[in-house]
Amino acid sequence: MFVIEHLLRSSTSIHLVPIIPWHKPRLLNPLLFCSVTAKLGASVTLPCIIHSYDTIAGYRIEWTKVNDKGTWTHVLLSISSHRKANGNFNNRVFLGGSKDEDGSLVIKNVSMGDNGRYRCEIQNGEEDVMHDIILKVESRLLNGVVFPYSPHGGRYSLNFEHAEKACADQGAVVASFDQLYEAWEDGLDWCNAGWLNDGTVQYPITKPREPCGGSRNGSGLRSYGQRNKKLSRFDVFCYASKLRGEFFWLSKDNNLSFNEAVQACLGKDAEIAKVGHMFAAWKLEEYNHCNAGWLADGSVRYPVSKPRKNCSPTEAAVRLVGFPDKKKKYGVYCFRPEQ
């Protein structure tokens, strides 16, 4: 007979699930779950431990992760002394224990792309045991958010002076190189080049591909170098600080023109929200709402921090509907500053 012990970790304590005797071959049901938090760039252990009175040599241990399409992809497969990691986990993952019964997974140099749900499956030909672990990676940008911006006139329409004004109009400033670099480490992937506050033009790529600097080049910041601040035209990367006030959705009926939306926010002792307000609420407060609404620049957007079917199903993002005719009807996002 063997028993299973599942280690649950929290920020304040360690909890042990009661030991469950195993009397006959069966699938452990329900699955055991836990959540683990890690800092960006650190190492983290996802627990999966089995204790047995008998030898477990020859056990098959497989770690998988849910991908953007909702299917499981391989992370690490271990059979006896043979182990193989896949994809971008290669050379970054290994089983964490020196004992045979420890199937915990160690991930080195954690990235924002490592966020998500993992499954540890342990088999010996008869029994099949599964543990599910949610990994949450903490961003380094805890006090602000970098976001790309192009105005109603379309992409690549801003010289440097206009870029500064565009960010200011959206409750933000032009981002620095360090801020864009941290945002890239945080998972920002954007194929349009934008101004930074040092007068350079760059863009962050985490998923190399042909239209964005080539698929053979590694991930990183692509740079156009210093550009003519008066003549060159690009988008801009803005940086918005943590909100000092309340960001909220107002209309349930999606029945406001732009001018009506402005007045509706004023009627709540607030102002129509800026793009920087929405990005800060989405990134720093995990604001999540699937209804499209007016913002101050005349755009219609909605913030999704929890992707789901029919609502940004592949990733968390601020979605842009566009810059529609201001007579069209939508809801509105408002911002009420602290007094």
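All residue numbers here begin at 1 and follow the chain in the order shown.
Glycine too: its Cβ is placed from the backbone N, Cα and C atoms.
Note that this is a predicted model, so its numbers are computed, not measured.
In TrEMBL, Cys334 is paired through a disulphide bond with Cys265, chosen from Cys265, Cys290, Cys311. Take the CB of Cys334 (disulfide bond) and look out to 10 A: across all protein chains shown you find 27 other CB atoms.
Taking the disulfide-bonded residues Cys191, Cys212, Cys290 in turn and counting surrounding C-beta atoms within 10 angstroms, the largest count is reached at Cys212. Distances between the Cα of Cys265 (disulfide bond) and those of the disulfide-bonded residues Cys191, Cys212, Cys290, Cys311 are shortest for Cys290. All protein chains included, Cys265 (disulfide bond) registers 23 other Cβ atoms within 10 Å of its own Cβ.
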